[in-house]
């Protein structure tokens, strides 16, 4: 019989909290949950409150809530007024002075949702890091989720920080996001930006890879059962592999002439393509925030201005962008009192 003599290690307050947050329960909390759950709850609650009750009349001159007759596609929590600059619009700040109604009217809910939403997304990423460490796996899920975080932060925070105010960020709504896309095209020629092209290639390429991968796995499932249905060809708890990598490799070698040689390279490529697309899009948006130009083919514009018979798809798109700027600016920024004389409004070369 062995008797161990020693002093029991004292447990401080940190150890007690650490035990509680990491306790095995239906929904794991963890240290990241202390950031994730409150911020996500407040961001979602603020968005539901804003789309239900809060008008955008004082910031954009628009109706934007269910209470005013909007539906799910047209409601939004709009950005603050241009005059607010880059103020955090705290409820107790000098703009609202503790008045909740005034705070909603000047766009305080948008700042509330944007900041809490950003921290909520970061908390979700940290949650994946934390659980991966506890379970003992690699943190590639968290690395992959950095892509959506980069896009959200660049679009909703970095872009308006590079512009005059939060006013130029997207409002939180479906139709509002569409309006923001038109704005980016008209004022930044976004679709011709190489970072946008890389982003589209990454996202659509990732979707294609997912479709091909899922179909290939379904095609090569082992037919161990009696039924013809591939979903009954294996038991979910079996330890053996359920599909043939060799058969899949042979199939795609015949289709393309090349195929992935192992699963590690295949799945890393499926991770790399969409995440790289998201990150390049985020870099492009930061460039737009700084008003950097890309792919301006001035020589074609000059020739089109001199020769009425010369026109390319690029020059036609430039005219469309001018139209977006001319018609959107007056509607989107009524506080500027834009008045465009007839001679500056865009028109085709043939007119």
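Note that the numbers count up from 1, one per residue, in the order the chain is shown.
Cβ coordinates come from backbone N, Cα and C, glycine included.
Marked as chlorophyll a ChlzD2 binding site by Swiss-Prot: 116. The 10 Å shell around the Cβ of residue 116 (chlorophyll a ChlzD2 binding site) contains 20 further Cβ atoms across the protein chains shown.
The Cβ neighbour count for residue 128 (pheophytin a binding site), using a 10 Å radius and every protein chain shown, is 18. In the three-state DSSP scheme, residue 128 (pheophytin a binding site) falls into the helix class. The feature pheophytin a binding site is assigned by Swiss-Prot to 128, 141.
Look at Swiss-Prot and you will find 196 tagged as chlorophyll a PD2 binding site. Taking Cβ-Cβ distances under 8 Å and a sequence separation of 6 or more, the neighbours of residue 196 (chlorophyll a PD2 binding site) in its chain are 190, 281, 284. Mapped onto three states, the DSSP output places residue 196 (chlorophyll a PD2 binding site) in helix.
Less than 8 angstroms from the CB of residue 213 (Fe cation binding site) sit 266, 270, each of them six or more residues away in the same chain. If you look up Swiss-Prot, you'll see 213, 267 marked as Fe cation binding site.
Positions annotated as plastoquinone binding site by Swiss-Prot, on the basis of sequence analysis: 213, 260. The secondary structure of residue 260 (plastoquinone binding site), as reduced to three states from DSSP, is coil rather than helix or strand.
Among the features that Swiss-Prot reports, transmembrane segment is placed at 39-59 (among others).
Through the fold, the transmembrane segment (123-139) approaches residues 22, 28, 30-33, 35-37, 39-40, 145-146, 149 of its own chain, all at least 6 residues removed from its boundaries and within a Cβ separation under 8 Å. According to Swiss-Prot, the feature transmembrane segment maps to 123-139 (among others), an assignment based on sequence analysis.
Per Swiss-Prot, the feature transmembrane segment maps to 151-164 (among others); the stated evidence is sequence analysis.
Residues annotated as transmembrane segment in Swiss-Prot, with sequence analysis given as evidence: 206-226 (among others).
What Swiss-Prot records for 277-293 (among others) is transmembrane segment. Same-chain neighbours of the transmembrane segment (277-293): 146-148, 150-151, 153-155, 158-163, 184, 188-190, 193-196, 198-203, 205-206, counting only residues six or more beyond its ends whose CB sits under 8 Å from a CB of the stretch.
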Message: Counting across all protein chains present, how many other Cβ atoms fall within 10 Å of the Cβ of residue 260 (plastoquinone binding site)?
response: 19
Spatial neighbours, same chain, of residue 141 (pheophytin a binding site) - Cβ under 8 Å, 6+ residues apart: 128, 132
- prompt: Counting every protein chain present, what is the number of Cβ atoms, excluding its own, within 10 Å of the Cβ of residue 267 (Fe cation binding site)?
  reply: 14
